[in-house]
């Protein structure tokens, strides 16, 4: 029979860890939030501060499915800013482990960023960008003072900011790279989301082998036919090795997703067979891999 003390301890252990992301518009809040999302955090954008304790409570009831929550708080919710300190006090009383991350940047850097995207500052009204920046600094002054971590992004690019977030929150967790290996047919067009494209039309086409034509590259006989062609296995070995090199570089640069497109004429035989083999090689190297055969059923 469980005691009340044991039950309370179990409930306390289930309370999610919380990170509140705030800071200057244009300083990188979205990038910081995306980094935490890629590390497995449950991220909520522009949640009114008064609802943060409710979000934490819902996470505590998720039976461990939501162990880490990140909430982005910015000037779009300025009407609710007065509730933030009250919410933080509530969280502290509950024993919630929470951190405030504040993204900072110089006026010059922020002006350049707003001008580069040709967007107004959310607080500038009829004034200039610098007027909006000044108003926002004043609005966020107390929150910045309460921050557990202030990151100045004035001279940082996206990859450098991600590296700083990883250093703070990844712990021993290696940044994951998720790869999609997609077979396709050139006759149906290139995949618009492909990062890398490779062409299998240098191999003989099983379409012209009557007993293989009805099947796809998932068929063992078709796959063997493709892989036993001159140059096929050498290509597989060399390209798989190249992909491992590229994957290591993507991890260093903070890239989390890559789509490798493998094409042939119709996307039914050669590209399908080679995609399966390449995906298996990537998975064996620890890359989380998904295989998609975009055009396999179109003929």
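Note that the numbers count up from 1, one per residue, in the order the chain is shown.
Note: Cβ is positioned from N, Cα and C throughout, glycine not excepted.
Keep in mind the model is a prediction, meaning the values are calculated, not measured.
Noted in Swiss-Prot for the protein shown:
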BINDING   23, 24, 25, 26, 27, 28, 29, 30  ATP binding site
BINDING   74, 75, 76, 77  GTP binding site
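Projection of Swiss-Prot feature records onto the structure.
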{"residue": "23", "record": "ATP binding site", "DSSP (3 states)": "strand"}
{"residue": "28", "record": "ATP binding site", "DSSP (3 states)": "coil"}
{"residue": "74", "record": "GTP binding site", "DSSP (3 states)": "coil"}
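Same-chain residues with CB within 8 A of the center of the 23, 24, 25, 26, 27, 28, 29, 30 CB atoms, the ATP site residues themselves not counted, are 74, 103, 105, 153.
The two recorded residues, residue 25 (ATP binding site) and residue 74 (GTP binding site), have Cα atoms 8 Å apart. Counting Cβ atoms from all protein chains shown, residue 23 (ATP binding site) has 27 others lying within 10 Å of its own Cβ. Cβ-based neighbour count (10 Å, all protein chains) for residue 28 (ATP binding site) stands at 26. Here the binding-site residues are 25, 30, and the one with the most other Cβ atoms within 10 Å of its Cβ is 25. In sequence order, 21, 22, 23, 72, 74, 103 constitute the residues six or more apart from residue 29 (ATP binding site) in its chain with CB-CB distances below 8 Å. Rounded to a whole number, the C-alpha distance linking residue 75 (GTP binding site) with residue 24 (ATP binding site) is 9 angstrom.
Between the listed binding-site residues, namely 24, 27, 75, the fewest other CB atoms within 10 angstroms of a CB are found at 75.
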